[in-house]
């Protein structure tokens, strides 16, 4: 198996310096400025003057989706290997998420969960470097358990962003990873029970025979397509910790170096070949050292259409608070998909964070920083958004 803790190097890019002021406890305004692509600077309206003592309470930090505490604990432990977590953020997200893959968190991460229509489990994962704006990702990875480690190898050993399917497996094998079945007795039993229920629910639309009554095989209907939302509601699928979900993690050191990581085994009973939002840049996660980062979780087929993580980071770039940014990422989706279920966590480069969710009562997430060690926090979800039906064409 390949080495999993890599030595760090200056090639990760020049990190922003810690915000300090030797003459006073009060932070000077300049570090709070965010430089735009044209070189002008604006101070986000939500950032008040922070004291040096307050800054020490925010960074370094690790935050991740859902109540996946052992992943958070592992990442936090790795950040502690250097003062202020410096140069450990990549190791932290990769090994923190790997811990969840090993534990098969809620059967929604790692091997042995979310069987597709053929009973096979496949994995999606991503790592993003917010300094170099570099990404490595895999989608539909077969027969390799360490999905996020393979994504790291894509980042560090190729010029590509995303490798998929059996070819991603072939790449992993060439890099020294070992193959093994991702099917377990539990996942096989779940698949058998699904088939015994006439393959309900499934992901087929506008086909014959009726996918609500049959396992197929299917052929396209000869009639004009109906609007997808009129044909089937998203809430037929129970989305949450146990299905159709992701661990998304953000790590920031005291020099404001940011990495994000994601991993999932995707949607249960998906059509083979389906890739969700987790390995898609701007959907599953996004990071920019100059601004902050965001991760998303939930109904990936819908979420990737809106790039909520990118949307949240760009909102913070334009002066929104982490809370406003996270809510914007959610509300943009709910405007069009009232049955959507999902959540977004947003963190600015100073370590201030917030979460927003929709379609479920509440959303738990994990945080570790100098004042909260492996602490679970919960946010109440946004209320139902009434959407007027679109006029029929």
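Quick reminder: no glycine exception, Cβ is built from N, Cα and C everywhere.
Annotated features in Swiss-Prot:
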type	residues	note
ACT_SITE	246	active site, nucleophile
BINDING	274, 275, 276, 277, 297, 298, 299, 300	substrate binding site
DISULFID	100-105	disulfide bond
DISULFID	199-215	disulfide bond
DISULFID	357-381	disulfide bond
REGION	15-41	region 'Disordered'
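Feature annotations (Swiss-Prot) mapped to structure.
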{"residue": "100", "record": "disulfide bond", "Cβ neighbours (10 Å)": "29"}
{"residue": "105", "record": "disulfide bond", "Cβ neighbours (10 Å)": "26"}
{"residue": "246", "record": "active site, nucleophile", "Cβ neighbours (10 Å)": "34"}
{"residue": "275", "record": "substrate binding site", "Cβ neighbours (10 Å)": "22"}
{"residue": "277", "record": "substrate binding site", "Cβ neighbours (10 Å)": "31"}
{"residue": "297", "record": "substrate binding site", "Cβ neighbours (10 Å)": "34"}
{"residue": "299", "record": "substrate binding site", "Cβ neighbours (10 Å)": "25"}
{"residue": "300", "record": "substrate binding site", "Cβ neighbours (10 Å)": "28"}
{"residue": "357", "record": "disulfide bond", "Cβ neighbours (10 Å)": "26"}
{"residue": "381", "record": "disulfide bond", "Cβ neighbours (10 Å)": "18"}
**Fill in**
For residue 274 (substrate binding site), the number of neighbouring Cβ atoms whose distance to its own Cβ is within 10 Å equals 17
**Request:** Would you mind reading off the Cα separation of residue 300 (substrate binding site) from residue 215 (disulfide bond), to the nearest angstrom?
**Result:** 23
**Request:** Determine the Cβ neighbour count for residue 276 (substrate binding site): the number of other Cβ atoms within 10 Å of its Cβ.
**Result:** 27
**Asked** On the Cα atoms of 274, 275, 276, 277, 297, 298, 299, 300, which are listed as binding substrate, what is the maximum pairwise distance in Å?
**Response** 16
**Request:** Pop the Cα-Cα gap between residue 100 (disulfide bond) and residue 246 (active site, nucleophile) into the table, whole Å please.
**Result:** 10
**Message:** Please report the distance from the Cα of residue 299 (substrate binding site) to the Cα of residue 357 (disulfide bond), rounded to the nearest angstrom.
**Reply:** 12
**Item:** Cβ atoms near residue 215 (disulfide bond) (within 10 Å, other residues, all chains)
**Value:** 16
**Request:** Based on Cα distances to residue 297 (substrate binding site), point out the closest of the disulfide-bonded residues 100, 105, 199, 357, 381.
**Result:** 357
